[in-house]
Number of protein chains: 2
Amino acid sequence: MRRKVIRPEEILETAGALVREEGLAACSMRGIASRLGVAVGTLYNYFPSRDLLLQELFKASWARTVEKVRTEAERDGDGRKRILSIARILLEDMWDRKGLGREVLGFRERMGDQGCAFDEIKEAVTAALARVLKDILPPGQAEDAPTLARWTLAVLLDTIIGDRPFGPREEELLLRLVP
Amino acid sequence: MRRKVIRPEEILETAGALVREEGLAACSMRGIASRLGVAVGTLYNYFPSRDLLLQELFKASWARTVEKVRTEAERDGDGRKRILSIARILLEDMWDRKGLGREVLGFRERMGDQGCAFDEIKEAVTAALARVLKDILPPGQAEDAPTLARWTLAVLLDTIIGDRPFGPREEELLLRLVP
């Protein structure tokens, strides 16, 4: 019997679907292998541990989120609406990753910062938010854009970590930061 | 020779002074013992590991911060000024703990959440901020106080973690959240 050939991307896609559909706990090496119809050992050829697999999943997933955020930031149209669209993209995608970020943050403490790319992600998102904020802020206040971008991300992270609502009222409150 | 008798509080005070003056790395069991003039073994009678000692130091230090924040929240006078005073207390005290919070967050991942009291601390601080915010907000908007209190804390944590400035301009931006 020939062994089924898989690519690492397929493994990550399957792992991502498992997290979204059944949660992080279901995303075991055994669970991924069974969904892919391969032996568990095959996964270990590509990812030496579940931690490393989840780390790559986290990076790949955030790369897609950052891409969406950038596209939204570069669109034309009302800056305030774009800020809220970016907020919604971030909240939805973070929600879809259901605890993956927290888990990976845990590895980082255990394993040292082996390229979790947290800082790069944060920088990319705040740069996109700052670009839009610069369009909205009055000319003399454009220099506040980076600070307000960081604060916007801090508020969204707090929302997702604390499992808090973020509805029309919260959107209105957030936009108060922009005069 | 009689062994020097010390209380656990003295150990924590000495450890706190070491962190403030020389940073977290200098706060080793050996370093604390040497400053106290006792044998390292004496410390281990009270704290089975450096992790547990730092955890207690973190809790004791935050207990003092929360006390200061509460006192400020209950004072009379301009609510906006009180919000900024609380912000300054939090930033200064977090700064004095120089990385202790991050280190303890690391243990928590390693050791499980053994009473690091993060949630209780967060709750106590946001409750105090919300109390003051309620005084400032227009009557119909008092229900926004808990959200704005959480956001204020999120912004301050982001400031301290990112080692960002928080001067008069940032204070002005933060107060925009209150109409």
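Note that Cβ sites are derived from N, Cα and C of the backbone, with glycine treated the same way.
Unlike curated records, TrEMBL annotations are generated automatically.
As stated in TrEMBL, the feature DNA-binding region covers range A:28-47 out of the listed A:8-27, A:28-47. A mean pLDDT of 95 is what the model gives for the DNA-binding region (A:28-47).
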